[in-house]
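J.: Once you've had a glance at the structure underneath, I'll fire off some questions.
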Amino acid sequence: MRNLKSGYLYAIISAVIFGLMPLMTKKVYGIGMNAIDAVFYRNAMSIAILWFMAKYVYKENLLITKDEFLKLLILSLGYVFTPILLYYSYNYISSGAATTIHFSYPILIFLASVLIYKEKAKSGEKTCIIFAMLGITMLMDFREVNNIFGIILSFGSGLTYALYSIWLEKSGLGSMNVIKLSFYLILFSSIMAYVVSLPSGGINFNISSAKNLLILILYSAVLSVGAANFYQRAILSISAKQASILSAFEPVTSLIVGVFILHEKLSGLNIIAIILICASTIILVLSPNKSKTK
């Protein structure tokens with residue numbers, strides 16, 4: 001049976017950690033890396049960690065079938081192109097505006113679940129998606145949305161993340177140990193990021209100091225072993241639809257980081273947005289819900 005409480009907790013923890021991603025990515029840029037470098041190192045630096053965990057902690061057989069290989073390959077496409085598109089959109093519109101447009105993915109997942117997979121939309125879920133999207137919209141400064149290419153890239157990142165989330169839930173990969181799944185996901189994603197980097201000169205392997213190496217290892221461990229892994233667990237516990245709604249905590253975390261670490265101003269509209277997003281979470285968690293079997 002799906003553990004709903006754990007699933008809600010996984011989704012919130014994932015969102016909070018992902019909310020730190022813009023600040024962490026800025027650190028990676030600061031040591032001479034670009035968007036594709038960041039995506040490559042975010043995945044590659046955790047391959048050994050997840051391999052060790054899968055083989056020696058969880059005692060998993062790391063062999064996979066041809067069917068699993070193809071499903072993981074498709075999953076990796078959505079996983080790796082999401083940050084590539086999002087990070088590139090930062091070159092055309094502000095990171096805050098790009099992240100807000102990226103958060104079209106809960107609506108896309110909700111619509112796909114209802115229209116394509118014929119899942120019944122509960123009244124509580126409808127209220128949650130409305131509250132969450134209103135809150136996220138209030139966090140955006142529309143004056144910063146001034147480049148159509150940036151809008152296309154950031155919306156594209158939302159679309160690929162929605163496809164990744166839905167495919168993870170519906171492909172049957174949920175029967176695989178989540179650490180084993182994560183290992184193959186970041187392995188394939190590292191290879192894809194490397195291939196994508198080749199036309200522009202390849203990955204920057206010039207890691208000039210132990211400090212820079214530590215930054216990249218922590219960046220990867222926190223996002224790939226931490227946030228991404230918790231999000232995967234959330235999807236497999238409560239569904240992509242509900243996990244995506246709870247992910248609205250991500251921009252809230254980014255906002256709080258901006259206020260307390262970067263000393264940015266907190267407006268009245270921001271406060272209303274936070275209240276709406278928190279309300280959507282409370283409604284979702286407290287709504288009557290039946291567990292589903294895997």
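Using N, Cα and C of the backbone, Cβ positions are placed for all residues, glycine too.
What TrEMBL records for this protein is below:
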- 6-139: domain 'EamA' (DOMAIN)
- 7-24: transmembrane segment (TRANSMEM)
- 39-58: transmembrane segment (TRANSMEM)
- 70-90: transmembrane segment (TRANSMEM)
- 96-117: transmembrane segment (TRANSMEM)
- 148-169: transmembrane segment (TRANSMEM)
- 149-285: domain 'EamA' (DOMAIN)
- 181-201: transmembrane segment (TRANSMEM)
- 213-231: transmembrane segment (TRANSMEM)
- 268-286: transmembrane segment (TRANSMEM)
J.: Given a Cβ distance threshold of under 8 angstroms, which distant residues of the chain, six or more beyond its ends, lie next to the transmembrane segment (213-231)?
T.: 10-11, 13-14, 17-18, 20-21, 24-25, 27-28, 31, 38, 41-46, 49-50, 79, 178-179, 182, 185-186, 207, 243, 247
J.: Let me spell it out: take the transmembrane segment (70-90), skip the flanking residues so only those 6+ beyond its ends count, and list any with a Cβ under 8 Å from a Cβ in it.
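T.: Counting only partners 6 or more residues beyond its ends, the transmembrane segment (70-90) has Cβ contacts under 8 Å with 25, 35-36, 38-39, 42-43, 64, 98-99, 101-102, 150-151, 153-154, 156-157, 160-161, 163-165, 167-168, 171-173, 181, 184-185, 188-189, 192-193, 196, 228.
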J.: With DSSP as the reference, give the number of residues of the domain 'EamA' (6-139) in helix, strand and coil.
T.: 103 helix, 0 strand, 31 coil
J.: Determine which recorded stretch among 7-24, 148-169, 181-201, 268-286 has the most C-beta pairs below 8 angstroms with the transmembrane segment (39-58).
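T.: Of the candidates 7-24, 148-169, 181-201, 268-286, 181-201 scores highest.
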J.: For the domain 'EamA' (149-285), DSSP counts of helix, strand and coil?
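T.: Counting residues by DSSP class gives 114 helix, 0 strand, 23 coil.
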